[in-house]
Ligand code: VG1
Ligand code: CO
């Protein structure tokens with residue numbers, strides 16, 4: 001057995017290591033600077049209580065993007081030197097973000113050990129490769145992202161760090177082969193266990209969904225299916241789950257080979273970046289040669305996001321979580337005893353609110369970022385939750401879960417088509433959504449993203465929007481001057497959240513303009529970008545009248561969009577005449 005020594009390495013603080021909405025994300029060229037990753041990892045160890053490090057079992061894996069393999073070796077050596085007992089690594093370093101959460105919560109090692117946390121190496125939906133992004137975040141014992149209390153501490157530590165610990169003579173561990181490698185250090189044995197990336201996650205999915213009924217749907221000749229992993233880590237699960245377990249055709253998988261640079265693409269499942277899927281589903285500009293599949297879905301780099309499509313039909317993520325919540329008890333065995341409650345992030349549309357009201361469910365509105373759902377779930381207050389940013393999930397883990405969302409939709413389709421598979425016409429994705437609107441009303445919704453805007457200009461724009469909030473009469477003058485038939489603003493503020501479980505307060509979580517008819521405009525700066533600033537503009541309008549629920553959403557929202565651009569003076573501040581992405 002190799003015996004390793006612990007070296008104390010001197011270092012100095014590096015600027016800008018403040019974790020954002022979901023961890024630290026920077027260009028690879030920033031991460032590869034001497035001590036950059038090391039400082040952050042040591043600062044994380046130092047932010048945890050000693051028993052979560054010394055003698056502990058930690059998971060280290062990610063979406064497989066460029067620099068992951070090097071980063072895993074660095075973290076293994078530092079963990080050994082910091083007295084960690086065991087590191088668990090998904091084969092080839094691959095684990096989706098939801099799978100890491102599942103592994104922390106559920107997996108039991110061969111020697112009965114359980115993990116108390118883990119590092120996820122991903123920059124999620126940001127592109128990968130030597131010139132693109134890398135990222136790292138820490139998840140806690142409950143399988144969820146570290147709460148702000150911890151991420152603040154990590155950041156403080158990065159500003160004062162003087163030293164880190166490293167097992168310099170520990171050889172690189174082969175992470176391509178399943179098995180355990182053991183080493184001997186000053187404090188005893190240290191193990192690295194490499195395990196199958198999909199087993200634990202698959203087991204969990206089988207305990208939640210009725211795989212038999214989904215299999216009947218997917219193997220029926222009437223139902224056609226397509227899944228696009230955008231070369232992200234979802235590919236490590238898709239074949240196993242959709243093809244081998246559930247009987248989908250292998251040809252229904254697109255871009256399911258994980259790649260370090262995501263094939264040069266932007267692994268973000270939306271109508272702009274999931275081009276191939278969008279075209280195949282008949283949503284592109286030109287008509288596809290073949291009849292589009294009945295159902296299509298995509299994931300982001302780390303497979304926690306999902307986009308759900310029907311034939312020539314797009315399901316907004318805000319509608320998706322509402323529809324899942326409305327159908328969960330009937331269609332998904334895990335929820336058969338009822339939902340404990342539901343939650344959404346603030347900018348997500350109020351479609352879920354209406355379902356919660358109808359079904360008399362507890363309801364919560366939290367700031368953007370999955371970490372805020374965790375406390376509610378740990379306290380047994382929330383079963384299903386979602387974000388407008390293509391994130392949907394439940395209390396089976398503490399991350400959003402892209403494949404879970406697809407299985408949830410397939411379960412709903414299987415349930416609605418139970419008696420139909422031999423019959424004439426299937427109940428389609430579009431039918432389900434239109435039926436939902438007819439019952440609950442429709443929340444027209446769109447998000448405009450202005451990516452890589454000058455950071456100073458973006459800050460100024462936000463400051464002006466906040467200042468404007470002090471005079472609603474001035475606001476309404478602008479509103480009415482732009483479009484007289486747009487409703488009036490009755491309340492404007494910056495969203496502030498008090499966690500109902502631990503009482504912690506999060507301020508400045510987005511600028512809101514709330515209208516008399518329930519419409520909303522929300523402005524936020526992204527916390528996940530790695531360069532410049534990204535301004536997000538969220539626009540929503542509720543329509544209850546069944547005669548008006550089938551309009552084109554961009555058309556229906558055009559007046560509100562115009563108002564938003566006027567209020568924010570967006571073009572003046574940024575010089576942009578059009579958003580980078582519309583979802
Ligand atoms: C974005 C989304 C947010 C999501 C976050 C992480 O954050 O808006 O809803 O939770 O990404 O998702 P921001 O701060 O850029 O708006 V992922 O898939 O990057 O882990
Ligand atoms: Co993601």
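Glycine residues also receive a Cβ, built from the backbone N, Cα and C atoms like all the rest.
Summarising the annotation, TrEMBL assigns domain 'Alpha-D-phosphohexomutase alpha/beta/alpha' to 17-164 (among others).
The domain 'Alpha-D-phosphohexomutase alpha/beta/alpha' annotation in TrEMBL covers 200-309 (among others). Under DSSP, residues within the domain 'Alpha-D-phosphohexomutase alpha/beta/alpha' (200-309) fall into helix, strand and coil as 40 helix, 16 strand, 54 coil.
Regional average pLDDT for the domain 'Alpha-D-phosphohexomutase alpha/beta/alpha' (318-418) in the model is 96. Taken from TrEMBL, the feature domain 'Alpha-D-phosphohexomutase alpha/beta/alpha' applies to 318-418 (among others).
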Just give the helix, strand and coil counts over the domain 'Alpha-D-phosphohexomutase alpha/beta/alpha' (17-164), going by DSSP.
59 helix, 33 strand, 56 coil
